[in-house]
Structure formats: structure tokens, C-alpha cells
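J.: I am attaching a structure below and will ask some questions about it afterwards.
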Amino acid sequence: MVNQSSPVGFLLLGFSEHPGLERILFVVVLTSYLLTLVGNTLIILLSVLDPKLHSPMYFFLSNLSFLDLCFTTSCVPQMLVNLWGPKTISFLGCFIQLFIFMSLGTTECILLTVMAFDRYVAVCQPLHYATIMHPRLCRQLAAVAWVLGLAQSIVQTPPTLRLPFCPHRQIDDFLCEVPSLIQLACGDTTYNEMQLAVSSFFILVVPLSLVLVSYCAIAQAVLRINSAQAWKKALGTCSSHLMVVTIFYSSVIAVYLQPKNPYAQKRGKFFGLFYAVGTPSLNPLIYTLRNKEVKRAFRRLLGKDGGSRET
């Protein structure tokens, strides 16, 4: 069947049945987007300008911040337009949004796994940390995350947009997502559903399992520590990343591993909005508030450190 919806694009319904709610969401999304731009840009600047943050942990954190900037910019401007006015998106616009969103989302899953490995080495192999996590390996691990994200999008996006979409072209979502586009199809979607299940396993279940393995090893190492100061240091090293992982994976799993029923689809719409808009704005806030090195670097950037005592 020829895809008749391609030339004229799609309608992104969002919460079109509740105009008042969409006006509120417009303000929330715009505020979150501005916080994302400011917070993540600040972390990137601190990681580049402050010599004390030239370490693997902050190298990966600056990668995550740059990723979040691209992640939100790929969808939020279009989302703001749809929340305030016309809800249409061209077929090309949907293709570009889906391709970038899928690529960056996969990259973030892999990058969070790499950051968990970095925390594992820092806590479990502290004497060999500098030797293991040398700059070349860090660059290679970051490159692997970006390349795998691009490869996943190349594999997943074209088959999704070749589906025989229903004539009404109404996507019950805020953006072009694979699950929502599969629901829009008026033909056999078995192949696409199988592809989504397989890709979800490799980009969600496997990375999350590796993160959990890393933190189980970290927990075992911490339990063997008798020093309260060492406990506090280990907790400070890992708590921010663990919070980011929990928030990100919870929302993504709610979107991509949801059962097929109307309630789950409505819930998935909320979680999709949250991980597209909320998570990138929370990440820099979590690291800024919970990480002493980032807070000290910020004070040094403002010239207010005053040679404060290092703890």
C-alpha cells in the first residue's frame, strides 16, 4: 500500500481536547526548555574552563549536557508551536524529528551506561582509576555511544515512516515517536512491533542491566568500607548519576515498554512529554545541587571562591 499521508504530513493531537491544559503546558515546557539551555550550557562551560573538572567524570557529564541540549532542541520548538497554534507537522519534519530524537535517545542510554562504568572504576578500583580511564578510552567510549545512537536511528526510522498510515493522519502524541506512529498504521505492523521490541531490548534492557550490575558491585565495595568519610565520598560520587538514571529510564520504559491499552497510552503520553522536556532540565539541576565540585567550580567562575578550603 502506498503511504498517502507522506505528502501532507501529520496532526500532533497532544491534549487538543483540553485547550486550557495546553496553555499551561506551553508555559511549563517553555520554562523547562530555558532551564535546560542555561543549566546544560553552564555545565559544559564549567567542564571546559575549570581545570579541576578535567577528569573522565566531567568529560562524560559535559557530553550528557550537550546531548540534552540537542535532545530538547530537536523537539521542543515544534512542540511549543503545536501547543500554542497549528498542530500540523510535515512528513519531512516528522522524519527529521524522529531520526534525531531516536538517535539522541539511544546515545543517552549508552552514555549513562558508560558513566556507570566510570563510577564503578572510581569506587572499586580507585588506585588504578587514572590508568584505566585514560583520556583516549574516554573519547572512544563517548564515540561508541554516539555511533550506536546513529546506527539505531538509521535502522529504526525508515521502516517506521514507510508504514501505511491511516487517512486521518492524527498522532495521539506531542511528537513523532515510534510507538505512536505504529498505532497510526492501518496495515500489518508485526515487523515494526518486533523491530521495536528487539531494539528496546538492546537499547533499554541491556544498558540498564549493565548499570545495575555496576551499582551492585559499587554497593558491595561500599559495604566493605568502615570509614564514614569514605562512605560519604562514595555516595557523593554516585548519587547524582543514580538519580539521573532512575528518572530517565523510568520515563523511557513507560513509553516504549507499555502494554496496549488506552490507559497505558495516555500515561505514556505524559511520560514521553516528561523525558523529552523534564529530564534534560533536571539533569543539570541534580548535578549542580548534589555535586560539591560543580558548585565550587561555579563559585570559582563567579570569582567568589576566595580560596575556600577543599574538602
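Here the Cβ of each residue, glycine as well, is placed from N, Cα and C on the backbone.
TrEMBL labels come from automatic prediction, so no person has curated them.
Feature table excerpt (TrEMBL):
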DOMAIN    39-287  domain 'G-protein coupled receptors family 1 profile'
TRANSMEM  24-46  transmembrane segment
TRANSMEM  58-83  transmembrane segment
TRANSMEM  89-117  transmembrane segment
TRANSMEM  137-155  transmembrane segment
TRANSMEM  201-223  transmembrane segment
TRANSMEM  235-258  transmembrane segment
TRANSMEM  270-289  transmembrane segment
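Help me understand the surroundings of these features in the structure.
T.: With a cut-off of 8 Å between Cβ atoms, the residues of this chain six or more beyond the transmembrane segment (58-83) that come close are 12, 14, 22-23, 25-26, 29-30, 33, 36-37, 39-41, 43-44, 46-48, 89, 93, 97, 100-101, 104-105, 107-108, 111-112, 114-115, 118, 135, 138, 141-142, 145, 174-175, 244, 276-277, 279-281, 283-284, 287, 293.
A Cβ distance under 8 Å defines the sequence-distant neighbours of the transmembrane segment (89-117), meaning residues of its chain 6+ beyond its ends; these are 5-12, 57, 60-61, 63-64, 67-68, 70-71, 74-75, 78, 82, 141-142, 144-146, 148-150, 152-153, 156-157, 160-161, 175-178, 181, 203-204, 207-208, 210-211, 214-215, 241, 244-245, 248-249, 252, 276.
Beyond the transmembrane segment (201-223), the same-chain residues lying 6 or more positions past its ends with a Cβ under 8 Å from any Cβ of the stretch are 106, 109-110, 112-113, 116-117, 119-120, 123-124, 152, 231, 234-235, 238, 242, 245, 249, 252-253, 256-257.
Non-local neighbours of the transmembrane segment (235-258) in the same chain are 57, 64, 105, 108-109, 112, 115-116, 119, 122-123, 177-179, 196, 200, 204, 208, 211, 215, 218, 222, 264-265, 267-268, 271-272, 274-275, 278-279, 282-283, 286-287, 290-292; each lies 6+ residues outside the stretch with a CB under 8 Å from one of its CB atoms.
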J.: Pop the mean pLDDT for the domain 'G-protein coupled receptors family 1 profile' (39-287) in here, whole number is fine.
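T.: When the pLDDT values over the domain 'G-protein coupled receptors family 1 profile' (39-287) are averaged, the result is 87.
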